[in-house]
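A.B. asks: Dropping a structure here in structure tokens format, bear with me for questions.
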Amino acid sequence: MDANTLKATKHLVHHYSNQAAQCFESRRKKIMKLFDNKSCPDDGWSDEEIELFLHEIAMMDSNNFLGSCGIGERESRFASKIVARRHYNMGHGIGRSGDITEIQPKAAGSSLIGQLSNCMILDLLKTIGLPSLKKCILVPLATGMSMLMCLRTLHNKRPEAKYVIWPRLDQKSCFKCILASGLVPKIIKNVDTGKSLIGCLEDIEREIKNLGSENIVCVLSTVSSFAPKIPDNVIEIAKLCKEYSIPHIINNAYGIQCPSYLRLIEQASKTRVDLFVSSTDKNFMVPVGGSIICGFDTEIVDDVGKMYPGRGSAVPSTDVFITLLNIGKNGYLEYLDKREKLFIYLKTELKKVGAELGGEVLEIPGNHLSVAFAFTQFESLHHKLFTEIGSMLFSKFVMGARIVAPGDTKKISGYEFKNWGSHTDDNFTGYLTASAAIGVEKKDIDSFVRHFKSVLLKVSKQVNQKVVFEAFKDV
């Protein structure tokens, strides 16, 4: 109902409609503030307010027009009412065939959600550590595919170049995006600082000189990573990229939830950061399927949007839009604060496990998301028993913990990675990684620690029995 409709109700319910009018006006002001400010609201909206708003927005899409007659091949038709309800009757998607950020003529409502979600994310990122950020777009692609889009965009600007300098990160998608883009990776080893691993700056510069800057598409560095790797020195890498006139992309997959990582990117942007990519599901607690492509120059981000072939799903944008309306800026900041405290709690609890049952929590200054627990009590443990630790944890419904065992080798399209998962070819003691990511609860950590202790006790018993057997088998 609008103001005129409410006035008409006075003839039926008399002055009681005044209270309803006040309520409607309050909601209208919230919506107008969102449109005017184009920013994430400080405080979250109620579920009812959001749902009503979404239904009204849906009425802006052509398939929901009264008397609409669609005779094209793509008219946002739904065979299932369940699917229609799930998407609030919005099925046209966002973008046009030439640009994912363009307004879709048949879908003013879906396009509005896409535009607003981009504005809200930009406002939030500026608040929590990236004040110089100029533009971001949410695309319906997960992180690896979005990095591929960024690589293709840069390659278009440097068609004679074919190499991507990439400090090693043992995660398949960030490596495969280079291969899928038709480019050639130049893998940079990580150096051991004594407490952590980090991409070798000297090797990056050496590779730039060997290849020639004109033959390099970009340097693809990483901020968020599994322990014991810490963020690459993006500030110094940015200086090298500026000096040699080479583009710089940062893989910031799950780094939005860590403001200190954003501050690193902000500082690096003062010299050269062309683009960085972050995941929506990892940072905003929504289903997998979207990522955010960000830049400190609007033109390069626009170019990535124009690289996208065809329309795209509006679902990732809608999910983030709903989430940010629901929790608001203050709610998101509370999540960040809680995550930071629980990260410290996770480390503390694992240190207690180490003191009680053996093992060591590695002190890794610089990695504020992932913890590594080294099995120093099982240094000579057979590879099979390491993998059994992971299997036993999984059987107890512990999800997300990773067991990294020495000796694993992984081949990806002909490239061999020794000690896969560890980010290094060097010898090491097997370890477990666990993360205190956004949305984790104290009860999750307590449950994990309890199960981890029971698994360690079981493995210790097996190891002790084996030692006794070996000692007496020849007696």
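Placed from the backbone N, Cα and C atoms, the Cβ positions cover glycine too.
Not my notes, these are from TrEMBL:
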- R74: pyridoxal 5'-phosphate binding site (BINDING)
- R96, S97, Q104, R311: substrate binding site (BINDING)
- K270, K396, K461: tRNA binding site (BINDING)
- K282: N6-(pyridoxal phosphate)lysine (MOD_RES)
A.B. asks: Around the substrate site formed by R96, S97, Q104, R311, which additional residues qualify by having Cβ within 8 Å of the site's Cβ center?
C.D. replies: G93, I94, G95, G98, D99, I100, E102, G310
A.B. asks: So, in DSSP terms, is S97 (substrate binding site) helix, strand, or coil?
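C.D. replies: The three-state answer is coil.
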A.B. asks: If you compare CA-to-CA distances from R311 (substrate binding site) to each of the recorded positions R74, K270, K282, which comes out shortest?
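C.D. replies: It is R74, whose Cα lies nearest.
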A.B. asks: Can you tell me how many other Cβ atoms are located within 10 Å of the Cβ belonging to K461 (tRNA binding site)?
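C.D. replies: That number is 10.
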A.B. asks: Closest to K396 (tRNA binding site): which of the recorded positions R74, R96, S97, Q104, K282, going by Cα position?
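C.D. replies: If we rank R74, R96, S97, Q104, K282 by Cα distance to K396 (tRNA binding site), first place goes to K282.
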A.B. asks: Hey, of the binding-site residues listed (S97, Q104), which one tops the CB count within 10 A?
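C.D. replies: Answer returned by the neighbour count: Q104.
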A.B. asks: How many Å lie between the Cα of K282 (N6-(pyridoxal phosphate)lysine) and the Cα of S97 (substrate binding site)?
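C.D. replies: That separation, Cα to Cα, works out to 28 Å.
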A.B. asks: Only counting partners 6 or more residues apart, tell me which same-chain residues put their Cβ under 8 Å from the Cβ of R74 (pyridoxal 5'-phosphate binding site).
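C.D. replies: The list for R74 (pyridoxal 5'-phosphate binding site) reads H92, given in order along the sequence.
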